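Student: Taken from Swiss-Prot, the feature disulfide bond covers 49-81, 106-140, 304-335, 346-376, and the record attributes it to similarity to another entry. The feature domain 'Sushi 1' is assigned by Swiss-Prot to 28-83, with sequence analysis given as support. The domain 'Sushi 2' annotation in Swiss-Prot covers 85-142. Marked as domain 'Peptidase S1' by Swiss-Prot on the basis of sequence analysis: 157-399. Per Swiss-Prot, the feature N-linked glycosylation site maps to 286, 316; the stated evidence is sequence analysis. Per Swiss-Prot, the feature signal peptide maps to 1-18; the stated evidence is similarity to another entry.
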């Protein structure tokens, strides 16, 4: 007959004895267990957490062995009690039942994208169901066009004002081959708009997009370097000076980094004012070390065309731009004039957005992307690609890539 193995577990013995006798519990409070033939006594203790706390690891049971307290799961390591965030069983009511609900909420600077309200009910089939979208889980998307510190006054990137508050969190700096600086505009967590000319800076016109990608360095927020995965040029970029940049990873959205919203209506009206930020050259023709911005008005397109091309010029005309370079002017572009302080954009600002504030929804939208940044307060107009004219291409490109 095999020997009988006995294990005696003493649970909270000291506490129980102290209650019964009214004396203070000590290490010797527990009496020795009676011995029986062909056995040995093994002592164990169980740690228990206070109400609303639970053990972080192990089952709390420790056996005394070779003068050491050992837990089978975590050895000599002592357990820890952490806050128990599980819901206790609710009390029952007469003629009623308990329905379990959960609500999904997004982190700051994110919002629910789906039409549901984030509330899910646990049904009899053990499924979490939302009344609007069923079993489909909600998605949190980045908030756009809601800077924590928006521009709140008319200030004066030729001269311009410093963006000390972070009013333009969608502004990115692009450094291309030969350390040439230009702008780019964040439009979601992973994509940016810039100009095709910017992407070709330092490259010959026959370069492929895949060859341009590894030469780019891109910075968002407070000089946060992000890795570029690919660039996509507009199929007609000789007439539509636009390209897209895809990042290898999504950027976390916060008060320093936030996309600008794409417009659902046309904000380009003569006289409408908007803001442009950038890292381009200043009044001394040096690249600025700090992000600057300027407020500029939408200009009359016909006057802008005449300014650059000359009145009644023949079709085979040569460029008459005051700066010796002809901008792209067509149905996909619009012109912006100088500020009342004669401030302007300049070399290096291209790719930045002309943003407008919609008071109805208190949101900022990208109305245009600066294409011609060579006016530098010498010419009267800067030229921008109209964002509404490229929306379909932008959406299809993002969806397919």
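The backbone N, Cα and C atoms fix where each Cβ goes, glycine too.
Describe the structural context of each listed feature in the structure shown, including burial, neighbouring residues and relevant distances.
Tutor: DSSP gives residue 49 (disulfide bond) a coil state; it is part of no helix or strand. The Cβ of residue 49 (disulfide bond) lies under 8 Å from the Cβ of 55, 81, 84, each on the same chain and at least six residues away in sequence.
Note on residue 140 (disulfide bond): other Cβ atoms within 10 Å of its Cβ, all shown chains, come to 16. DSSP assigns residue 140 (disulfide bond) to a strand.
Mapped onto three states, the DSSP output places residue 335 (disulfide bond) in strand.
Mean model confidence of the domain 'Sushi 1' (28-83) amounts to 78 (pLDDT, 0 to 100 scale).
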Student: Provide, as an integer number of angstrom, the distance between the C-alpha atoms of residue 335 (disulfide bond) and residue 140 (disulfide bond).
Tutor: 36
Student: Roughly how many angstrom lie between the C-alpha atoms of residue 106 (disulfide bond) and residue 304 (disulfide bond)?
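Tutor: Residue 304 (disulfide bond) has its Cα 46 Å from the Cα of residue 106 (disulfide bond).
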Student: How many whole Å apart are the CA atoms of residue 304 (disulfide bond) and residue 140 (disulfide bond)?
Tutor: 43
Student: Tell me the residue counts in helix, strand and coil for the domain 'Sushi 1' (28-83), as DSSP assigns them.
Tutor: 0 helix, 19 strand, 37 coil
Student: 10 Å Cβ neighbour count around residue 304 (disulfide bond)?
Tutor: 23
